[in-house]
Amino acid sequence: MAIEQTAITRATFDEVILPIYAPAEFIPVKGQGSRIWDQQGKEYVDFAGGIAVTALGHCHPALVNALKTQGETLWHISNVFTNEPALRLGRKLIEATFAERVVFMNSGTEANETAFKLARHYACVRHSPFKTKIIAFHNAFHGRSLFTVSVGGQPKYSDGFGPKPADIIHVPFNDLHAVKAVMDDHTCAVVVEPIQGEGGVTAATPEFLQGLRELCDQHQALLVFDEVQCGMGRTGDLFAYMHYGVTPDILTSAKALGGGFPVSAMLTTAEIASAFHPGSHGSTYGGNPLACAVAGAAFDIINTPEVLEGIQAKRQHFVDHLQKIDQQYDVFSDIRGMGLLIGAELKPQYKGRARDFLYAGAEEGVMVLNAGPDVMRFAPSLVVEDADIDEGMHRFAHAVAKVVGA
């Protein structure tokens, strides 16, 4: 039966898409830099960045060129073969980090799934089949597959799907004593976000991460850093572990890695990687030439002094605006995070209303995020212009006034 061609509107979403999202009422159709336009031509300043993904803004010329060039050359061949863009990107990541081996996937979930499987398998073949315990943290977020959502410490995402993978223990974030209480020689891995993004934009303390490193060494467990949201320049270092001076055994990256093109990576050492062999894990699309070509172009720009050394000044620009808004409207109890991953916690009288501020922002022409019901989150382009920060925060101030005055 022929399908009648009708206009695409927000109502179309409710008619055809699985109801796992509740998207905004407007549909973005064009982006350039830190600005977005919807179907009606309304302009928005983008401080959401596709949830910390569009690290170089929308339609960056270098990324567009990389995509067009690769798109005219080779799209897909699977991992029955390798390809030049994947090998180039792998070499760049290894040369810039602690890692000696890398594997590419398509999403943060897949990178974390790979990391958790590797940690379990490494413990099994190198130590004992009973060394299976994974220690993770309350309010963590590691993905949506059954394994990764179970390692994530938020029951609202993991309950209701039947039996969960076993031997996963959650303890409070930044509480080293709680980790010590459950850590033993049956532990195969400790999994942690250096900055909890979805969990409220809460940064780990240096003492906490250093303590985790020492405990993992003591119990022959692997330290896994999930840098899906906080990595690729967002903190002002290429990866957050560099800021802390604590080197993990396994690191995962996604989001900003592709600048908007779906791609992820898991990085580790040669010795740990050797626990896997052909067939241990895999992906049809992982390491896709299109994705890796775009990611390589993004990497070449992000991993430069011009970008990384400008992050802190841009952060301060945001913080200055947030402090002025707070002085005027008395709305934030804390402004936190690191680099251009910024959280603004709402005061008690506004608890649970983060989405009200988000929706008001959209009405005023600025796109922001929430991190739970009580925290506003900002994850803009790493090269956002000062004029965009000023204009976007001016609009956000109007949004705050609207909510506070409601």
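From the backbone N, Cα and C atoms, a Cβ is placed for every residue, glycine too.
Going by Swiss-Prot, these are the annotated features:
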{"type": "BINDING", "residues": "Gly108, Thr109, Phe141, Asp226, Glu227, Val228, Gln229, Thr284", "note": "pyridoxal 5'-phosphate binding site"}
{"type": "BINDING", "residues": "Arg144, Ser283", "note": "N(2)-acetyl-L-ornithine binding site"}
{"type": "MOD_RES", "residues": "Lys255", "note": "N6-(pyridoxal phosphate)lysine"}
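Annotated features, which come from Swiss-Prot, shown on the structure.
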{"residue": "Gly108", "record": "pyridoxal 5'-phosphate binding site", "CB count, 10 Å": "27"}
{"residue": "Thr109", "record": "pyridoxal 5'-phosphate binding site", "CB count, 10 Å": "20"}
{"residue": "Phe141", "record": "pyridoxal 5'-phosphate binding site", "CB count, 10 Å": "23"}
{"residue": "Arg144", "record": "N(2)-acetyl-L-ornithine binding site", "CB count, 10 Å": "15"}
{"residue": "Glu227", "record": "pyridoxal 5'-phosphate binding site", "CB count, 10 Å": "28"}
{"residue": "Val228", "record": "pyridoxal 5'-phosphate binding site", "CB count, 10 Å": "28"}
{"residue": "Gln229", "record": "pyridoxal 5'-phosphate binding site", "CB count, 10 Å": "28"}
{"residue": "Lys255", "record": "N6-(pyridoxal phosphate)lysine", "CB count, 10 Å": "28"}
{"residue": "Ser283", "record": "N(2)-acetyl-L-ornithine binding site", "CB count, 10 Å": "17"}
{"residue": "Thr284", "record": "pyridoxal 5'-phosphate binding site", "CB count, 10 Å": "11"}
Inset, instruction - Would you mind pulling the longest C-alpha to C-alpha span across Gly108, Thr109, Phe141, Asp226, Glu227, Val228, Gln229, Thr284, which the record has binding pyridoxal 5'-phosphate, in angstrom? - result: 25
Inset, instruction - Based on Cα distances to Ser283 (N(2)-acetyl-L-ornithine binding site), point out the closest of the recorded positions Thr109, Asp226, Gln229, Lys255. - result: Thr109
Legend entry - Same chain, 6+ residues apart, C-beta under 8 Å of the C-beta of Asp226 (pyridoxal 5'-phosphate binding site), given in sequence order: Gly108, Asn112, Ala115, Ala140, His142, Val191, Val192, Glu193, Thr252
Legend entry - Inter-residue Cα distance where the pair is Thr109 (pyridoxal 5'-phosphate binding site) and Arg144 (N(2)-acetyl-L-ornithine binding site), in Å: 6
Inset, instruction - Rounded to the nearest Å, what's the C-alpha distance separating Phe141 (pyridoxal 5'-phosphate binding site) and the residue listed as 'N6-(pyridoxal phosphate)lysine'? Just drop the number here, would you? - result: 14
Inset, instruction - Kindly assign Asp226 (pyridoxal 5'-phosphate binding site) to one of the three DSSP-derived states: helix, strand or coil. - result: strand
